[in-house]
Amino acid sequence: MQNVEIIYKNAKVRGILINEANGLITIKADNGYNLTFDRSEVEILSRVTIEEKKEKKTEVESFGTGEKSISILATGGTIASRVDYETGAVKPVSDPRLLFGGTELESKFNIRVVNVMNQLSENMKPADWIHLARKVMDETKHSSGIVVSHGTDTMSYTSSALAFMFERLAQPIIFVGSQRSSDRPSSDTKENMEGAINFAATDLGEVGIAMHKGISDGSIVLHRAVRSRKMHTSRRDAFESIDTVHLAEYTSSVRFFSDYRKAEEENLLLDHLDEKVSIIYFHPGLVASDVENMIEGKHAVVIMGTGLGHIAKDLIPVFKNFTKDGNFAIMTSQCIYGSVDMNVYSTGRELIAAGVISAGDMVPEVAYVKAMFTLGNYGREEFINVFNRNLRGEILNRLIPREVYI
């Protein structure tokens, strides 16, 4: 990193050099603004290299004096990031108190912060889900509740994976993210984390996601992991419970709104996933040869079809051949809300005849994770029987009209 002083059109500018390439130079000026100039119009008066401070990283840190023990497992994402205002770069939070910072939480709980990984959520893979699940299992020996801080973009995938892998839970596992980094005045980090920690202190025996209820502060809701989805790119209330009400809400205390599984006496982890599963998003113009390439070597494929669960008729033979080979094709809907029903139209009935399985009202991403879990732990022989069972509340007995829970 370099401090520089330049002259541009008779004006001196001091700051930190961010980038110098392709005929341009970008500086983080002393006033905090990023300024980019044509390199040919700039005279550099001085360059001074400054040594970057190395941030101390500790795998486990403990805070608080409360009786209830809660573990926070950090995996990365916006919630665990801050902006370095010297350079404009995004860096990991060095002080875990920025995530939950508040004397009230520290007086109520004994909080352990465990750094598991530092990954942007889009870079996480099924192997990371397994690694995280095993770390959670280890941490249950120390705490009565688990919070996982995670990037929001793929949080529904990871949380669903842990929901399926934990056959039994003796304490809650609450995933939490944020839409704005912890150093920003508009950050939702602390409120989301406060809600997550309080949800983790209940008798819940499930995996959930804690995020804002609305765009304003004041209320955090808990979504069942296997019924939730990120439905907005940037709003604080980006997550929704699909076709159902959320599990609980936190303002100053926790209030449950629907039935939930209670914590059991012990944990049971089934940590095998078959990674040879993929998702195909049907669209007009999708050709058979492309589908064949996408599903080659796969053991199962989740199809995001139109409406009640349809694809173009000329693609049906591809999936018929796929299922004939002992593989599994699963139909979900791009509509997200509502349920697949392949018995209504002729295309659906042809898909059934081709061996395509209906996922019913399962969220597509959840069906994808469930297929990986089912193949990994039960194999092909038991796949249809297990996949069609309601394992963690991912299948609804009835759909609730959307206007009821928005």
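From the backbone N, Cα and C atoms, a Cβ is placed for every residue, glycine too.
Residues annotated as domain 'Asparaginase/glutaminase' in Swiss-Prot, with sequence analysis given as evidence: 68-390.
Taking the Cβ of Thr78 (active site) as reference, residues of its chain lying under 8 Å away and at least six apart in sequence are, in sequence order, Gly151, Thr152, Gly177, Ser178, Gln179, Arg180, Ser181. Under the DSSP three-state reduction, Thr78 (active site) is assigned to helix. The active site annotation in Swiss-Prot covers Thr78 (among others).
Look at Swiss-Prot and you will find Thr152 (among others) tagged as active site, backed by sequence analysis. Cβ neighbours within 10 Å of Thr152 (active site), excluding its own Cβ and spanning all shown chains: 24.
Residues or ranges marked as active site by Swiss-Prot: Asp153 (among others). Neighbours of Asp153 (active site), defined as other CB atoms within 10 A of its CB across all chains, total 18.
DSSP classifies Lys230 (active site) as strand under the three-state reduction. Neighbour density for Lys230 (active site): within 10 A of its CB lie 20 other CB atoms from the protein chains shown. The feature active site is assigned by Swiss-Prot to Lys230 (among others), with sequence analysis given as support.
In the three-state DSSP assignment, the secondary structure recorded for Asp153 (active site) is coil. Within the model, the domain 'Asparaginase/glutaminase' (68-390) carries an average pLDDT of 92.
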